[in-house]
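Notes follow the structure.
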Amino acid sequence: MADSVSSPVIVALDYDNAEAALAMAAQLDPAVCRVKVGKELFTIAGPDLVRKLVEAGFDVFLDLKFHDIPNTVAAAVRAAARLGVWMVNVHASGGERMMAAAAEALAPLGEKRPLLIGVTVLTSTAEEELAPVGVTRPLKEQVVALAELAKKNGLDGVVCSAQEAKLLKAACGAEFSLVTPGIRPVGSAAGDQRRIVTPVDALRNGSDYLVIGRPITGAEDPAAALQAIVADIDNMAG
Ligand SMILES: O=C(O)c1cc(=O)[nH]c(=O)n1[C@@H]1O[C@H](COP(=O)(O)O)[C@@H](O)[C@H]1O
């Protein structure tokens with residue numbers, strides 16, 4: 001669970017330009033939440049924007065979901081570490097050698113290394129979408145199997161839906177971090193997400209970090225939307 005930051009929320013800065021992302025970040029407090037830079041923002045704004053967010057005091061989750069040959073993924077996570085990010089992710093379906101190579105690449109950095117997280121089954125994926133891509137076991141079994149592989153190969157945790165959090169804490173232990181997108185406060189539109197959970201239920205299920213994009217960034221008052229989510233979480237705790 002979050003330590004130096006008071007809430008488990010990671011705000012997904014899914015914007016198509018650096019100015020919009022920095023304007024959103026300026027409304028956020030790095031003592032209260034973390035931020036995520038994903039494929040859209042990184043493609044357009046690159047490492048400079050990531051460095052700016054790190055310099056502004058944010059724990060940055062660089063969400064580029066690497067999936068490539070072991071040598072390339074190892075080099076990519078090493079490059080991410082040089083940016084000073086707090087968390088980086090790879091697709092667990094890239095396999096054991098790929099994940100082990102990524103973990104080995106970060107190991108020499110010791111305490112300073114970013115958390116290395118494996119994506120299991122995307123939260124936008126529904127059960128019936130697995131068979132057409134050749135996955136014939138039930139979705140929950142696939143998530144647990146990929147998480148166990150990630151743990152075995154030195155990763156710190158996985159991205160999953162909070163719907164699987166209880167199962168994964170039982171399978172992989174309390175110390176294995178669960179990063180859960182697909183978070184939707186009551187009344188928010190699901191959009192393209194399929195396995196959604198409310199912030200409070202996600203934490204009850206065992207999520208360590210809640211990745212939240214559109215319910216905050218798409219709100220009329222994003223700072224107020226975040227505050228409401230944090231208040232719900234605090235009420236639950238207190
Ligand atoms: O790795 C991720 O962050 C991720 C994995 C996943 O399974 N599902 C998922 O939605 N994400 C990311 O989490 C964010 C969710 O955004 P919203 O659906 O707008 O809350 C997006 O930036 C996604 O790219």
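Backbone N, Cα and C define each Cβ position, glycine as well.
Feature annotations, reproduced from TrEMBL:
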ACT_SITE  ASP63  active site, for OMPdecase activity
ACT_SITE  LYS65  active site, for OMPdecase activity
ACT_SITE  LYS65  active site, proton donor
ACT_SITE  ASP68  active site, for OMPdecase activity
BINDING   ASP14, LYS36, 63-72, THR123, ARG184, GLN193, 213-214  substrate binding site
DOMAIN    8-229  domain 'Orotidine 5'-phosphate decarboxylase'
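All features noted in TrEMBL, drawn onto the structure.
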| residue | record | Cβ within 10 Å |
| --- | --- | --- |
| ASP14 | substrate binding site | 19 |
| ASP63 | active site, for OMPdecase activity | 25 |
| LEU64 | substrate binding site | 17 |
| LYS65 | active site, for OMPdecase activity | 17 |
| HIS67 | substrate binding site | 17 |
| ASP68 | active site, for OMPdecase activity | 14 |
| PRO70 | substrate binding site | 18 |
| THR123 | substrate binding site | 24 |
| GLY213 | substrate binding site | 19 |
Message = Helix, strand or coil for PRO70 (substrate binding site)? Use DSSP.
response = helix
Query = Does DSSP give THR123 (substrate binding site) helix, strand or coil?
reply = coil
Query = Can you list which of these binding-site residues (HIS67, THR123, GLY213) have a Cβ closer than 6 Å to ligand 1?
reply = THR123, GLY213
Inquiry  = Please report the distance from the Cα of GLY213 (substrate binding site) to the Cα of ASP68 (active site, for OMPdecase activity), rounded to the nearest angstrom.
reply    = 26
Key: Local backbone state of GLY213 (substrate binding site), from DSSP in three classes   = coil
Query = Which whole number is the mean pLDDT over the domain 'Orotidine 5'-phosphate decarboxylase' (8-229)?
reply = 98
Task = May I ask for the distance between LYS65 (active site, for OMPdecase activity) and THR123 (substrate binding site), taken between their Cα atoms and rounded to an integer number of Å?
result = 14
Three-state secondary structure, ASP14 (substrate binding site) (per DSSP) = coil
